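Q: The feature Mn(2+) binding site is assigned by TrEMBL to D:His127, D:Asp150, D:His152, D:Asp154, D:Asp242, D:Asp244.
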There are 6 protein chains.
Amino acid sequence: MSETPPAPKDSLAVPRFVGMPSFMRLPVRDTAEGLDAAILGLPSDSGAPFRTGARMGPNAIRQASIMLRPFNPYRGNIDVFQALQIADIGDAPVVPGYEMETLEWLEQAVARVVEAGAVPCCLGGDHSVTLAELRAVARRHGPLALVHFDSHTDTWDTYFAEKRYSAGTPFLRAVEEGIVDPHKSIQLGMRGSLFRSGDITQSLDLGYDVVTTDAIFEMGIDAVAERIAARTAGAPVFVTFDMDFVDPSAAPAVETPEAGGPTARETLAILRQIRGLDIKGCDVVEITPTYDGPGQITSLLGATVMAELLAMIAETRQR
Amino acid sequence: MSETPPAPKDSLAVPRFVGMPSFMRLPVRDTAEGLDAAILGLPSDSGAPFRTGARMGPNAIRQASIMLRPFNPYRGNIDVFQALQIADIGDAPVVPGYEMETLEWLEQAVARVVEAGAVPCCLGGDHSVTLAELRAVARRHGPLALVHFDSHTDTWDTYFAEKRYSAGTPFLRAVEEGIVDPHKSIQLGMRGSLFRSGDITQSLDLGYDVVTTDAIFEMGIDAVAERIAARTAGAPVFVTFDMDFVDPSAAPAVETPEAGGPTARETLAILRQIRGLDIKGCDVVEITPTYDGPGQITSLLGATVMAELLAMIAETRQR
Amino acid sequence: MSETPPAPKDSLAVPRFVGMPSFMRLPVRDTAEGLDAAILGLPSDSGAPFRTGARMGPNAIRQASIMLRPFNPYRGNIDVFQALQIADIGDAPVVPGYEMETLEWLEQAVARVVEAGAVPCCLGGDHSVTLAELRAVARRHGPLALVHFDSHTDTWDTYFAEKRYSAGTPFLRAVEEGIVDPHKSIQLGMRGSLFRSGDITQSLDLGYDVVTTDAIFEMGIDAVAERIAARTAGAPVFVTFDMDFVDPSAAPAVETPEAGGPTARETLAILRQIRGLDIKGCDVVEITPTYDGPGQITSLLGATVMAELLAMIAETRQR
Amino acid sequence: MSETPPAPKDSLAVPRFVGMPSFMRLPVRDTAEGLDAAILGLPSDSGAPFRTGARMGPNAIRQASIMLRPFNPYRGNIDVFQALQIADIGDAPVVPGYEMETLEWLEQAVARVVEAGAVPCCLGGDHSVTLAELRAVARRHGPLALVHFDSHTDTWDTYFAEKRYSAGTPFLRAVEEGIVDPHKSIQLGMRGSLFRSGDITQSLDLGYDVVTTDAIFEMGIDAVAERIAARTAGAPVFVTFDMDFVDPSAAPAVETPEAGGPTARETLAILRQIRGLDIKGCDVVEITPTYDGPGQITSLLGATVMAELLAMIAETRQR
Amino acid sequence: MSETPPAPKDSLAVPRFVGMPSFMRLPVRDTAEGLDAAILGLPSDSGAPFRTGARMGPNAIRQASIMLRPFNPYRGNIDVFQALQIADIGDAPVVPGYEMETLEWLEQAVARVVEAGAVPCCLGGDHSVTLAELRAVARRHGPLALVHFDSHTDTWDTYFAEKRYSAGTPFLRAVEEGIVDPHKSIQLGMRGSLFRSGDITQSLDLGYDVVTTDAIFEMGIDAVAERIAARTAGAPVFVTFDMDFVDPSAAPAVETPEAGGPTARETLAILRQIRGLDIKGCDVVEITPTYDGPGQITSLLGATVMAELLAMIAETRQR
Amino acid sequence: MSETPPAPKDSLAVPRFVGMPSFMRLPVRDTAEGLDAAILGLPSDSGAPFRTGARMGPNAIRQASIMLRPFNPYRGNIDVFQALQIADIGDAPVVPGYEMETLEWLEQAVARVVEAGAVPCCLGGDHSVTLAELRAVARRHGPLALVHFDSHTDTWDTYFAEKRYSAGTPFLRAVEEGIVDPHKSIQLGMRGSLFRSGDITQSLDLGYDVVTTDAIFEMGIDAVAERIAARTAGAPVFVTFDMDFVDPSAAPAVETPEAGGPTARETLAILRQIRGLDIKGCDVVEITPTYDGPGQITSLLGATVMAELLAMIAETRQR
């Protein structure tokens, strides 16, 4: 494409608070046509078993994201928006209180991005939205290697009333549906008290690699990044980032906070160390803005995580 | 019954902040057996079309209610808890994100109260929970006269994805199901902008009497109370109180706040003026605690409204 | 124009929290071409002498405005967006910390709206932005009749360091510049303690009519509305609404709150009673979002005030 | 005294946020020598039976008070600080957690003000601090006529562990000690639920006149002001203002909020209508700042109430 | 005991927000009879020298604790509630504003737990409540080995008005009373500015071992855990955890926050590494909920600390 | 000097919340005459390009600082207020909305401190205030060695409307004006996304040494402290501390938060390790209090940083 790529507004020329906030002040588009990657909000919390309000997540992340700047010094000062055609295409529609219909609608919206040839970069929403994304992405790219940051495995079988679809079940469902290849996948950050003694083993039994928070600190960040790369090598990758991976001091506004996680610096260090993933889709989920303080630090960190994922995609594309 | 009725803890003897907060510090019971009225939480927000979080409403109301005292000077210094056997029986279970199943579970829980011979006094929850209550109560008492405080009529036909069950539709559904007699019913407090030009007429067409916020102030409080009594005379009554009836300055923590409502004093004056209703069930709904400030004024006002409803029931019983 | 007018998204079809919030979910346009009225943010707080942060005001008002619906029952159920071509054209650029340059930039942005033939409907910003608006509007329409809701007269001569341009001086400057005709203008809502004994008389001496908060309640709402209409009859009108007109209980998030004002209901009753103004421009100013509680009641009321102003314009146009 | 009286800093010359906040930006003095009235903080919450934190009240009121200006237009544009020599003399020391010792220390601090010939104008603190004030003031001026704004009578006999000194008992103790003459005294604003059926009659039995919130609105503001003046005529007066007199929408940050009170405008109208009291001491109590929202409306209203009391004193002196 | 032990509600069957929150959703009992350990709230803040409000601490911790699950993977996936009979027995009564009487009442309540043969696991309350606990526990078990996490030593002699009982003095009093054996005891986490140059040496002089925050990081977590075990070996142990041990970023809602402490992860790592203590009593104190943000991270961390202490007790019992 | 030096109030004798808060409860003076160091507030936010409100910073820091105690155990238990004559001299006046005039007024106020022979220890304000300080200090001491903690370099050339003076430009201006010697200066903590690829190199090109956040952790704290000492050896030093150096979890209330910074403990460890600087001026800037939560952790950390800077000055003086 010969024309100038879509770029964020220049925050040295026009103050960041001027204008309606799209993600990183990117241009707003109706569709993903012609894009390499598309920011898409998935504003559903119908899958949330405890705190709710993640429906307000996408716009809260956008609002915080206007503080971010386009160049990423952690990957060779890459100009992400020169490397990739990215725009913010708004939100998928949802049916609040109707989890099954919501999952269908979300899947359709993500599918349209995938069909347009763009990488869906989604802003949640509770973690059940990831199942919709995985379905849409896997339909085109085949079984995916999941890189899953979270303090919980989300591989329970059912929740209340034996319901099989909620924020606590997507990564069992995804294995059952054959859209995630657990033997190529890795879950990182698990910690805290458990429902049953088998909360971790249920993931291992499915074939996932699991790296607890304690293990992350025992291995060290470099080893963690290498393990992710090795585990997913050669496969199409989907990265899902549940904000409760991070300690509640840096991410208080999540659905099920779990005390004792990595700091924001440690979290970003891991992400910035990861190299070579062939990302076909990604998301940042579980931000519930009404639980944030006035400093909105959860949304800012969530926006920063998404910006790192975009840089990861850009770097891989450039090579 | 010869034994001492269940009574709130004496807040002159044990400070209010001592102990786990039940509604007005009433005894906690497992069932409604032997009670005249039962406080029951309906912690669902699966019907909420905009702001969510009413699942946290029942406990927020309980927490604020410990500031209330047992005697009500507005009805002859009635000692409500001497006149009525009341206890807090906890919450009904729900299925978050599954509105249809939730309505069923809620109806069953309310039905158990009704079958025990007690008046269900419910703490919402979004306004769709009232449909579950109406079904349970009408099954025993027949079509009900609805006294409905709200800034919206909640008589739309469908919401997103043509869904017929949400916080915006219960009072059309109730007429369709024959569990509310609209010709004995009255809706009070409607105001603000409308979706369609027929938002009010759709209620009038169904047979409801509608008194807008403006009309309340034109008529005066005495006339309003009389109109409610006259409209419902002789019928079994259900009173539902959506907190957005009140102005957002006094009730900021609601799902769909509507600027320009009555103050707390004006609201309580209406309730305290109402006489002679044969209440078979009642609720206070739509409180979303994360939208309250640290003073928790919405929850305190909601608790006060429920205390007035209990006094209304007690006074009628005494006569 | 034969095509369908721009209309808010249907909130019965797509939930209000889906998509990036423009004012009342109106379409976003780059310019005011072809519009009857344009929503324009003026995100400056360089004129604020006390609390600051009104630069975040326009987007906070937009975010709250998604709760509003298109039909206005207070003026014959007028469908505002059928009567008028309205869109949200974003924000004017500003130079934070440079009041003089900011006023110039704001004036240019408003002038472009006026030149396109549209009524500028502005979201502040501190009250100094109104001077920029008055200049742009008066350049085309001549000296304006000002209808000014506020708890302060804002007719001081200078502030700190003898500066002549700030949120406390615009309505003296406007008289000096000949862009407001004080003898056709009216200031309403003044109350509270004064800097000097002449704070009110300085406005009267300039020729303004002044109606204090006390006087509003002595006269009654109907008389107030009539006095506004009579005062401005035949002249091009500019309506400016400083949110501190309202009591801090209903509008806590303002720059200089003044205890003892009208409630939200009383405020809206006045606005809804006003008839026949020939509005050439209007604004809602002084909202400082970080001082709002989580319920965002100041922004919601500000959005409602702007919606009433749009209805006023629509009604006059229709006749 | 021939020298210039102490005056607030000019907020048109130096912005209000510049400098450490004393009450209304008045000069800070070590003692009350040479003053007509002295602002004195009484930062104790050891008497608080429910919400606590009033120890932070005096500085919160000071911080909000910097928004006030020196002239009071409600009493002939009186320049309060020309009429009276007033300064802020800081806070009395307290012994947190030791109510009895605290009352002694507070009484000594107030006594020093009284002995210097100044009127103590105190910022609470919970309502038990008023007993200390009454003792100090009555020692010099004899039994006092109490003008008591509150939603509760605070005339209970004992609280937890049969303790006789708390925020719920001062006005029974004061009658017992002979420092308040109940037959010259009046309590205004009582409302809400009661501990016992005799909560109001216990005050009447003591000899107090009691005007409930309902009665205030039945009588009208003029009649209320006249009743206060008539009741206290000829006696030395002490005015105590418990912020929970006001509705929680306008005063959320109080120890025991009571839904259904007057608005801020109605409250100030009563105060501004009162004439001719011979005030020997006064206070504003029960503000608990951590329960206020970011707009700090409770503290601002409390500061405004104190400013009205100062104007009342100034007006009486001038005559 | 052959019957099923009391167990938390299953949060996979009934959502966590359903029902009134007891600690970890444990059954509520009236007494400690038949229990191995009892959760008991000590809602007093009469000893707080600075920020107050810890009276609301126990219920805030309970509310956050419903996010915890029963299995603890850090001690061999122990099912704490299978290993131990635990219930929540509510709160001890207090006399707000009367520190001495409060300490007596608290001691009696704790003594009843000890006499029933259960380990008191207390939720504070300011740190002076620990003196009451130590007295009750030592009466049965003899002088205790104190394991004290805190940023302050709390071994000052007197506070305001020479008062000997406050949150700043319990661990000098405990040595004087012979209920703590300082030579078996250890204080960990001290840091920050000091009142006098001898703030640390006053503890060393008493015989305590003191490990500052800096020393913790120099030694490493394993060495710290070993030092605690070695110091207390063979003695009955009392563990007291003042939440200001943790950095304010992870625990903002404390009485006297001290910048520069361990993160939540580092804190939990120490606790999870401790082995073999013979715990006779423990507490988590100094949480002041009104200073927490909406995410309630201090209360969640406090609840997690108590859950770790329960697991410590369970593990020791199992062996 | 034979007289007793000014000292903070004893917080063991008079509770911290008693009295109006000066910095660390130091005496308040009108001028810096006779002082070694003077606390001076610079309450301006006219240079803030994004979040505003730093005008409220100085008093917020003072309010939090009352939690600090006079002895500093990290530099040999030095009694800072015995070693140095320090007082709080209030705030410099500013002209809100007029950056150029504000810089002049600030410079004059700082110059008066310098001329009195005292070290100005300033509380910001946005980062543009540092330019005013550097001018005043360099006028007496010559080109300064800058020790600059920040996540941004603040060496851009111009901002909006080509303005050369804002919070983003002071350290390019200072080099241009010859008041900072970049070859003796060091910038620490840079991280996060960049406006241009040259954001870091622009500082290096000017001659500054730059240590990014990543580099700090690679080098280790000891090496960082040594590098600072070596870089500035022999030169008069100015230390400026932008609170966004710290991670937003520990400092949410800043103008432009940058996720991924050091914790509070790591930050203080660096400061406490620095030895031997010849400090001629210092500041803590960019705190915007309305973005803090109720725990006020940003202000507390800011106050602690300033206390460490005072101890640094005291230690150097003592030698």
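Cβ coordinates come from backbone N, Cα and C, glycine included.
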Q: Reduce the DSSP letter at D:Asp242 (Mn(2+) binding site) to three states and note it down.
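A: The three-state answer is strand.
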Q: Residues with Cβ closer than 8 Å to the Cβ of D:Asp154 (Mn(2+) binding site), same chain and 6+ apart in sequence?
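A: Expected: D:His127, D:His148, D:Ala167, D:Gly168, D:Thr169, D:Pro170, D:Phe171, D:Leu172, D:Asp242.
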Q: Around the Mn(2+) site formed by D:His127, D:Asp150, D:His152, D:Asp154, D:Asp242, D:Asp244, list the extra residues of the same chain whose Cβ is within 8 Å of the site's Cβ centroid.
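A: Counting only non-site residues, the set is D:His148, D:Ser151, D:Thr153, D:Ala167, D:Phe245, D:Thr256, D:Val285, D:Glu286.
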Q: Mind giving me a neighbour count for D:Asp242 (Mn(2+) binding site)? Other Cβ atoms within 10 Å of its Cβ, every protein chain shown.
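A: Result for D:Asp242 (Mn(2+) binding site): 27 neighbouring Cβ atoms inside 10 Å.
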Q: Fewest other C-beta atoms within 10 angstroms of its own C-beta: which of the binding-site residues D:Asp150, D:Asp244 fits that?
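A: If we count Cβ atoms within 10 Å for the binding-site residues D:Asp150, D:Asp244, the smallest count is at D:Asp150.
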Q: Taking only same-chain residues 6+ apart in sequence, whose CB is under 8 Å from that of D:His152 (Mn(2+) binding site), what do you get?
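A: Residues satisfying the criterion: D:Gly168, D:Met190, D:Gly192, D:Asp199, D:Asp242, D:Asp244, D:Thr256, D:Glu258.
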Q: Starting from the Cβ of D:His127 (Mn(2+) binding site), draw a 10 Å sphere and report how many other Cβ atoms land inside it.
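A: There are 30 of them.
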